[in-house]
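Per TrEMBL, substrate binding site is recorded for A:ALA98, A:HIS103, A:GLY204. Summarising the annotation, TrEMBL assigns ATP binding site to A:GLY99, A:ASP225, A:GLY278, A:LYS282. The annotation domain 'Aspartate/glutamate/uridylate kinase' is assigned in TrEMBL to A:90-299. The site 'Transition state stabilizer' annotation in TrEMBL covers A:LYS28.
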There are 2 protein chains.
Amino acid sequence: MEEEKQEKRQTKPIRCIVKLGGAAITCKSELEKINEENLKIVSSQLRQAMVLGQSPSTKVLGMDWSKRHGRSEVSCSVDDFGYDAIIDSSRFIVVHGAGSFGHFQACKSGVHKGGLDQPLVKAGFVATRISVTALNLEIVRALAREGIASVGMSPFSCGWSTCERNIASADLSIVAKAIDSGFIPVLHGDAVFDGLQGCTILSGDVIIRHLAEQLKPEYVVFLTDVLGVYDRPPVDPNAVLLREIAVREDGNWSVVKPVLQNSNKVETTVAAHDTTGGMSTKITEAAMIARLGIDVYIVKAATSHSLMALSGELRSNIPDDWLGTLIRFVS
Amino acid sequence: MEEEKQEKRQTKPIRCIVKLGGAAITCKSELEKINEENLKIVSSQLRQAMVLGQSPSTKVLGMDWSKRHGRSEVSCSVDDFGYDAIIDSSRFIVVHGAGSFGHFQACKSGVHKGGLDQPLVKAGFVATRISVTALNLEIVRALAREGIASVGMSPFSCGWSTCERNIASADLSIVAKAIDSGFIPVLHGDAVFDGLQGCTILSGDVIIRHLAEQLKPEYVVFLTDVLGVYDRPPVDPNAVLLREIAVREDGNWSVVKPVLQNSNKVETTVAAHDTTGGMSTKITEAAMIARLGIDVYIVKAATSHSLMALSGELRSNIPDDWLGTLIRFVS
């Protein structure tokens, strides 16, 4: 399998694909508001994970040289950029959700249901793209400020399209070229053309699955706003964090840790949760990645647990005090 | 030739490619500052040009539903979007320059000279893209607010690349698909990969030429911050506006209006101007488009003259009081 992977891509493998969940990096309750504090910590943790094993630079050399609000000058010290200044090609891909960006515009117009001949859908397509690309720009900026050589790549601009809402065309050569050149592609859920219904929303989770299938990363991390996947909505005081989920060849999955008294019952409550929170959908998406032999971690953003997942150290050993959900293939 | 064009693309021809010059839409003397007033008029004129021949809607239906600064709500009235609400597919392409965006970052790092193995160049690549995509987003927004179904498309994300700074790969299928679906693609000068030197800057003018060659629009308009092309720097009180330039089969060009006493002398002064203002380069680029039989208008943005050029009415007759430079093929 390892050989097959190498043969197919003929380049160094991708180390990690990270999903920045919309709920983790935006304020879900407030329209188009970024959770600046979380985003800064997430960016810093990504940097730390990327420099692992490299001689750490004492200074973060920012790559966002834009004028900051209220200032007339930019901060950029050319002299700092010596040959040891930049994080070596770390082969990460970042994909982010929309959170409080894009959802309003998409829902209001029904872009996900298609119908570009309807003026409202067409306008909603434009409005959705404006909102999600604005978020993408801010995330690229936050990463660049941490010295990560991030480049924004919109699926729509990349020419990606769907048919019946499944990915129909998504040429990864541009993404691969960016990684091979030492950049970190930053993709996002986007409004795209759909072969059957005209247009739809291509979600960040579907993008992750496609990237994982095609590029076979060593591991995948989903950063969310809760500790991981629970057996029922996490606001329920009786909710139990599912620490480890085993995925079988046929795609079925079961909770192996903690040992639950009645696993049928758990699956039922997860399904019930799904109607409001989509956790079952999340497990199903993650299970499809895990089936490829790729470990998936679902973990709370901006915590010590997320840093451990991003760094890859959980691959060999999961300490008892690590909080999160591991989804792993078992043959 | 008309038949050949149709056969090649098998779709309706592009009506107009518009270059929004960096100097016209940004404040060149102030870093990363948009000329909001000009941009608003330019967007409004584009709208007027696009609706020509259609029953004009009494109300502009904005498509930027983002939260405005300092407000908590967005303005979007779903009920307004009836079937007659949107400008019919107008087959325009907008390309903008960088003006006071991107140039600082590109110059400071030397991105145009390549060398991605140098940390400063790599950082500059990231910083340049952040700056130009920020401008792109604002232009898409301005157009969307005027009811134009604009979609931002970054050449880098589109996978365009150069070799020795000439376009090596620039798949236009995504651009064509967007136009056929009734959208207005908004492209821009961008940092891209270069086959020989690693990376470079792909300028808006080179993009325009490529688009014109491949898509054969009916006419091309360059919006600038002066009335047109002069025989010497326009700040010179003796500068004469060149009203019409004829381009021959071999690509050579000459001023046909006004009738100049010594045309050799004019070309010399234009060349002298080139070292500072690049006007000869501009004429040469325009001449390469005009050679294809496509009229090119270089005109001051946000004036009655630019509106005439954008609307296409100059194609049949140029009134004596029109101020601008027409560059036209003569066989």
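Cβ atoms here come from the backbone N, Cα and C positions, even for glycine.
Where the annotation comes from TrEMBL, it is an automatic prediction and has not been curated.
Annotated features, which come from TrEMBL, shown on the structure.
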residue  : record                             : DSSP (3 states)
A:LYS28  : site 'Transition state stabilizer' : coil
A:ALA98  : substrate binding site             : coil
A:HIS103 : substrate binding site             : helix
A:GLY204 : substrate binding site             : helix
A:ASP225 : ATP binding site                   : coil
A:LYS282 : ATP binding site                   : helix
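Around the Cβ of A:ALA98 (substrate binding site), 26 further Cβ atoms fall within 10 Å across all displayed protein chains. Each of A:GLY22, A:GLY97, A:GLY99, A:PHE101, A:GLY102, A:ALA106, A:VAL132, A:HIS188, A:GLY189, A:ILE201, A:SER203 belongs to the same chain as A:ALA98, A:HIS103, A:GLY204, is absent from that list, and has a C-beta within 8 angstroms of the C-beta centroid marking the substrate site. Of all the binding-site residues listed here (A:GLY99, A:HIS103, A:ASP225), A:GLY99 has the Cα closest to the Cα of A:LYS28 (site 'Transition state stabilizer'). Take the recorded positions A:LYS28, A:HIS103, A:LYS282: by the count of other Cβ atoms within 10 Å of each Cβ, the lowest one is A:LYS28. Rounded to a whole number, the distance between the Cα atoms of A:GLY204 (substrate binding site) and A:GLY99 (ATP binding site) is 11 Å. Taking CA atoms as the reference points, A:ALA98 (substrate binding site) and A:LYS282 (ATP binding site) are 16 Å apart. The distance from the Cα of A:LYS282 (ATP binding site) to the Cα of A:HIS103 (substrate binding site) comes to 18 Å. The Cβ neighbour count for A:GLY204 (substrate binding site), using a 10 Å radius and every protein chain shown, is 23.
Calculated from their C-alpha atoms, the gap between A:ASP225 (ATP binding site) and A:GLY204 (substrate binding site) amounts to 16 Å. Sorting the binding-site residues A:GLY99, A:ASP225 by the number of other Cβ atoms within 10 Å puts A:GLY99 first.
Within the set A:ALA98, A:HIS103, A:GLY204 that the record links to substrate, no two Cα atoms are more than 13 Å apart, and one pair reaches that distance.
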